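Here is the structure we will look at.
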Amino acid sequence: MRLLHLLRPALSIIPEVQEPRFPQPLKVKVLITGITLFIYLICCQIPLYGVYRTSGSDPFYWMRVILASNKGTLMELGISPIVTSGMILQFLSGVGFIEVNHSVREDKVLFNAAQKLLSFIMAIAEGMAYIWSGAYGDINQIGAGNAILILLQLTFAGVVVTMLDEMLQKGYGLGSGISLFIATNVSENILWKSFSPITLSTEAGTQFEGAIINFFHLIFTKQNTLQALYYAFFRESAPNLNNLLATLFVISLVIYLQGFRVEVPLASQKIRGLVSSHGIKLFYTSNIPMIIQSTLVQNVYFLSQLLYRRFKTNFFVKLLGTWQEAEFGGQSVPIGGLAYYMSPLRDVKDIINDPIHAIVYVLFVVFMCGFFAKFWIQISGESAKDVARKFKDEQIKIKGLREESMVKYLSGYIPVAAFCGGVCIGLLTIVADILGAIGSGTGILLAVTIIYGYFETFHKEKYDNQSIF
């Protein structure tokens with residue numbers, strides 16, 4: 001008996017979204033995707049009941065945009081449980097601990113059920129860790145009743161996110177819930193920091209948080225135009241126009257690199273003379289390496305802060321990470337240990353002040369993104385062997401090659417594209433952080449690749465359905 005077979009008795013109690021009986025029209029998919037997004041945004045605004053406090057350092061501060069989470073609300077954990085569970089199971093599957101054949105329907109059903117069950121467990125575990133860490137107040141202050149109530153709310157939200165993601169992935173909507181929530185959160189963050197009307201008291205006087213609104217405010221209120229331009233472009237207390245320009249530059253660069261691909265000529269074995277092509281993009285694995293790397297860093301951050309709050313003097317805890325508790329902005333900043341060397345570079349000053357941190361961080365991000373990209377194609381069914389098998393099943397062959405030569409031919413492109421694409425994603429993230437792009441380099445890269453993927457999916461669906469109306 002294989003490990004997955006142990007889940008057979010539990011299939012009846014694990015919630016599941018049934019696959020649609022027939023393909024959904026594009027207008028229905030757009031509608032359901034919009035409803036899914038609306039539910040997510042509502043959950044982002046509903047505060048947790050029973051919380052004593054939500055101020056103070058935030059373990060997820062650096063990762064909230066990427067995790068599509070919102071502090072103190074039902075979306076406190078965001079997509080963290082489902083992404084972490086997926087990463088764990090894919091890893092166990094890749095190393096052979098869990099035997100699964102995705103071409104077999106039962107294995108596919110059992111694997112998806114295992115991922116959902118593990119995501120529910122992760123939501124409970126992360127919720128308990130959050131409560132125990134004192135994120136909502138001392139456990140004696142909130143009481144056992146409220147603690148249980150908070151945990152139930154977080155678990156319920158985790159189940160909702162998992163089911164919404166499954167609903168979209170099974171064909172009721174466009175893309176996946178994970179991608180939709182990340183793109184929404186990042187886009188909302190960029191728009192807010194560009195147009196926020198909130199006023200700030202600074203040494204230079206009252207300014208607006210939004211970079212664009214603040215620019216026009218300074219131009220019309222400051223008598224010295226050069227001074228107004230200086231504050232608009234170089235202020236450090238809030239987003240400035242340089243940050244916005246860096247964001248636009250990174251977005252343009254990512255869109256440009258999305259066009260890099262190798263077209264493999266294909267010929268049909270069923271219909272003589274019918275030819276097509278298969279595109280192998282530079283970003284072959286899309287944003288998957290960055291999502292996995294970000295999830296890994298997030299879990300290290302969370303575990304490190306959780307332990308540091310309780311055991312600050314322990315040598316091994318400090319080796320994992322030491323933190324500076326800062327109230328400003330809700331940040332808790334890593335200042336030592338492994339967590340510090342995994343933390344992003346914020347500007348050129350960080351490189352000058354600590355070149356060792358810069359070197360270690362660059363090597364870490366580039367290596368992990370490249371490694372996860374190559375690892376992902378092996379466990380996700382996108383390797384050269386898997387693609388060649390799909391061609392064979394569809395009675396398609398690469399033009400000018402025999403069937404036995406296709407794997408060798410594809411092996412010269414797919415692993416290279418996956419690794420180089422992962423490395424490029426990592427380098428672009430680092431560059432975006434150093435330039436001061438709004439949000440984070442990781443968030444921008446994820447949002448652009450996701451939105452670009454949605455654009456391609458929408459046009460493909462529109463072509464298949466002829467019209468949205």
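Placed from the backbone N, Cα and C atoms, the Cβ positions cover glycine too.
Over in TrEMBL, the protein carries these features:
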type     : residues : note
DOMAIN   : 38-72    : domain 'Translocon Sec61/SecY plug'
TRANSMEM : 30-52    : transmembrane segment
TRANSMEM : 77-98    : transmembrane segment
TRANSMEM : 110-132  : transmembrane segment
TRANSMEM : 144-164  : transmembrane segment
TRANSMEM : 244-262  : transmembrane segment
TRANSMEM : 282-303  : transmembrane segment
TRANSMEM : 358-377  : transmembrane segment
TRANSMEM : 407-428  : transmembrane segment
TRANSMEM : 434-455  : transmembrane segment
Residues of the parent chain within Cβ reach of the transmembrane segment (244-262), under 8 Å, 6 or more residues beyond its termini: 190, 194, 211-212, 279-283, 413, 417, 424, 428, 431-432, 435-439, 441, 444-445, 448-449, 452
Confidence summary (mean pLDDT) of the domain 'Translocon Sec61/SecY plug' (38-72): 78
Stretch contact, the transmembrane segment (144-164) with the transmembrane segment (407-428), Cβ-Cβ under 8 Å, 3+ pairs: no
Segment-segment contact (the transmembrane segment (358-377); the transmembrane segment (110-132)) at 3 or more Cβ pairs under 8 Å: no
